[in-house]
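J.: Supplied in C-alpha cells, the structure appears directly below.
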Amino acid sequence: MNTPAPDSRFSGLAVRAISGLVLAPLMVTIIVAGGFWFIGLMVLSSLVALYEWYGFSKTGPHAMAVLLLGVVYLCVSYSSYVWLRFGFEAGAWLALTVVLCVWASDTGAYFAGKFVGGPKMCPVLSPKKTWAGLAGSVLSCALMLEILLQISPRFAPLINTETGFPPDRAWWGVLLVGAVLGVIGQFGDLFISFFKRRAHLKDTGHIIPGHGGLLDRIDALLLVAPIFLLIYMVCLP
C-alpha cells in the first residue's frame, strides 16, 4: 500500500491557492471595467459552463430533460448577474459584493470542513461537506460583508440605511444576510453535486487547476446571483 506524503494534504491547497491568486484579480478587474470585457467573460464562461453541463447530462436517464434544466438554470443565473452589473447605478459594487461573498463563503466552508470536520451534512451528494463547513461558510460570508461595509458602503448597497434593511446596518442584519447567502451557496454546491453523482463524476471538468471544472468553481455563485438580485430588488425603497 502506498502511503501519502505528509504534506500531500496541502499540495492540493497550494494549487488551489495559486489558481485563485491568478484568476481573482483578473475577474475583479473585468467586473469593474464592465463593457465589452464583462460581456465577453459572461459569454465565454456561459459556453464553458453549458459544455460541462452537457458532459454530465448525457449520462443516465432523462438526458434531454436534464440538459434543458441546465440551459434554463444557466440562463437565469447568468442573466441575473448581468442585470446586477448593468441594471443599477452601483452595479459594479453589487456584482463585486456577490463574487467576494461567495468566494469568502467557499473559502470558509473549505477550511472549516478540512480542519474542523465533524458530522457530514449530505454524504450522499457531497461526502466532504460538513456542518462545520456550513458554519464556516455563513460566518465567512458575514465577515466579508462587514469588511466591505467598513471599506465603503457602496461595496454593499444592500446593507445600508437607504434601503432600510437592516436598520442602521445592525450587526444582526449583516449576519442575517451572510447566513442567507452562505446557506444558498451551499445549496448551489449541492445542486451541482447531485448531477455529478448522477453521472458518477468527481468534477465537472479540469479547466481550473485545483478546482476542477468551471461549474465546480461557480456552483454557489449560480444560485446566489438570482437570489441576491431578488433580495436587493425587494429591499429597494
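Keep in mind that glycine also has a Cβ here, set from the backbone N, Cα and C atoms.
Copied straight from TrEMBL:
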type     : residues : note
TRANSMEM : 20-51    : transmembrane segment
TRANSMEM : 63-84    : transmembrane segment
TRANSMEM : 90-111   : transmembrane segment
TRANSMEM : 131-151  : transmembrane segment
TRANSMEM : 171-194  : transmembrane segment
TRANSMEM : 214-234  : transmembrane segment
J.: Under a Cβ pair cut-off of under 8 Å, which of the recorded stretches 131-151, 171-194, 214-234 contacts the transmembrane segment (63-84) most often?
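T.: It is 214-234 that shares the most Cβ pairs under 8 Å with the transmembrane segment (63-84).
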J.: Please give the sequence-distant neighbours of the transmembrane segment (90-111): residues at least 6 beyond its ends with Cβ less than 8 Å from one of its Cβ atoms.
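T.: Answer is 24, 27-28, 31-32, 34, 81, 84, 129, 133-134, 136-141, 143-145, 148, 152, 154-158, 178, 181-182, 185-186, 220-221, 224-225, 228, 232.
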J.: Using Cβ atoms and a strict cutoff of less than 8 Å, what residues sit near the transmembrane segment (171-194) while being 6 or more residues removed from its termini?
T.: 101-102, 105-106, 108-109, 121-122, 125-126, 129, 133-134, 137-146, 149, 158-159, 165, 204, 215-216, 219-224, 227-228, 231
